[in-house]
Amino acid sequence: MSKQEKTINLSESAQVDQQSVQPFPRSRKIYVEGSRPDIRVPMREISLHDTPTDFGGEANAPVLVYDTSGPYTDPDVIIDVRKGLADVRSAWIDARGDTERLGGLSSNFGQQRLNDAELAKLRFNHVRNPRRAKAGANVSQMHYARQGIITAEMEYVAIRENMKLQEARAAGLLKQQHAGHSFGANIPKEITAEFVREEIARGRAIIPANINHTELEPMIIGRNFLVKINGNIGNSALGSSIEEEVAKLTWGIRWGSDTVMDLSTGKHIHETREWIIRNSPVPIGTVPIYQALEKVGGVAEDLTWELFRDTLIEQAEQGVDYFTIHAGVLLRYVPLTAKRVTGIVSRGGSIMAKWCLAHHQENFLYTHFDEICEIMKAYDVSFSLGDGLRPGSIADANDAAQFGELETLGELTKIAWKHDVQCMIEGPGHVPMQLIKENMDKQLECCDEAPFYTLGPLTTDIAPGYDHITSGIGAAMIGWFGCAMLCYVTPKEHLGLPNKDDVKTGIITYKIAAHAADLAKGHPGAQIRDNALSKARFEFRWEDQFNLGLDPDTARAFHDETLPKESAKVAHFCSMCGPKFCSMKITQEVREYAANLRIDAVDVSVEEGMREQAERFRQEGSQLYHKV
């Protein structure tokens, strides 16, 4: 530990990132109560201005949007990262009566870290003794679902996915939604708790919800639900403090990360993870082989099953919700990568490939998979079966190594399901557009519709610095085809560690991709926000346009670069076309002209309307400001 690290006492000095706790403009946090008072599902309500009298003068109903920010954007909640978030799920877990509280940590490494006095100043001070399933019990959401039980978590996510859809319809927020094309998915008109239970029992969806992550606000991942996105954080050997990683977490969920993966490979991985989980309202995923490798000094050949098993228990007792495990990297697949342009690009995949070759033995994650399942179901940790042989360039897409591993992941999925363990499948990578659907179709076939979770895919390799765009294209496509969760890519991909701005850019890019996929699939209510923003745009309600967007700050800043005065926010034009060429203003005048002449078809006499409108502009001296 460095001299500086020794002097920092995080339990006294840690502070929340102030940018992450600011409420969004004209937004308030609301909570929708379920069948019991402690099921309180958060949503963000955006209030809108009335339509100006020029456009009919009507009130506009508030719009609800899915909210991943947890209590951080609730001004009524006092945030103290030193104490962590409030407990959400303990009462639900206690009521099921199938877990027990341990007397302390049971992993060897966890005990070592706890007994290391030098780490006291870095430690999160409010650690609870972990829970574990009672002997012979299975505490996974899949197990409950297959018993016909609707858990509080299932009810919670049904309310969250449905977003008060019936009320939105009654308020006129969904007068129009295009029919989607879902490629055989089973998307209902309304999400119910029973539908959630059925999807989890079938294996088509998962609720990542470790029994030791009780601060969690449950969410669901599956092709018949809203497309989710994941954001990555984590320190490295090159730096980053624990406080910085917690700040990355809160910043990421502010902008829409549905889950967060802690990919730390540097110092104090155990302590960093504790701070992250205790302050996270979203599921946390990890790649346990990274920490296991750190424990053997970075020498892959020295990894053992026993050490890896202890790492799984250590992380499960902290509350990690899903593990990426590269159990499909088999010895026979490694030679198939020899002629690739970019070889094996997955860190986890390369670690296991090196171990297999060094020992000339089969991957111990594969041979011990049943034992891993026993650990997973004792804590309800979900599998994210890693694609260690994913293509790292479009030249390598859809090759024998990639699809051979995918077939093995399908085999492992069925083993996990025999244990009633929740499971999703990781996917590529770098894939040109014409090969993306083949990836989705093959995954559905091999893995029997288990949720697919992809990194992009990147659709071209020629744009370093813009890979959030090259991958966002592929993400939107594969999300439409049936992918359940998209792992974000930042502009720094392949170039360096992302900063806060890069993280935000990556998340917003992927929120766009996910939402575009929801629209294309025809998810119920997906078009509500689009309709509201389009109406605000046509009525020149500038503030509502900003506030309904995914990133109000950037929208407002771009507008104000050229029209900074407050009066510009009631103007019936923007700087793109100016007052004389605003198509929407002209269209409104044409509508009025047609109405006055009692012309039924608005598109009749457009040319005459244009001439009359131009003359009116000249007479009014182009003064088009209106007070709201």
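Here the Cβ of each residue, glycine as well, is placed from N, Cα and C on the backbone.
Residue ranges 1-22, 265-286 are listed, and Swiss-Prot annotates 1-22 among them as region 'Disordered'. Site annotation for substrate in Swiss-Prot covers Asn232, Met261, Tyr290, His326, Ser346, Arg347, Gly348, Asp387, Gly388, Leu389, Arg390, Glu426, and the matching candidate from Tyr366, Tyr453, Tyr466 is Tyr453.
Here the C-alpha separation of Arg390 (substrate binding site) and His430 (Zn(2+) binding site) works out to 8 Å. Gly348 (substrate binding site) falls within a helical segment according to DSSP. On a Cα basis, Ser346 (substrate binding site) lies 13 Å away from His494 (Zn(2+) binding site).
Ser346 (substrate binding site) sits 12 Å from His430 (Zn(2+) binding site), taking the C-alpha atoms as the reference points. Taking each Cβ in turn and tallying the other Cβ atoms within 10 Å, the top scorer among the binding-site residues Tyr290, Tyr453 is Tyr453. Overall, the recorded substrate-binding residues Asn232, Met261, Tyr290, His326, Ser346, Arg347, Gly348, Asp387, Gly388, Leu389, Arg390, Glu426, Tyr453 cover a maximum inter-Cα distance of 20 Å.
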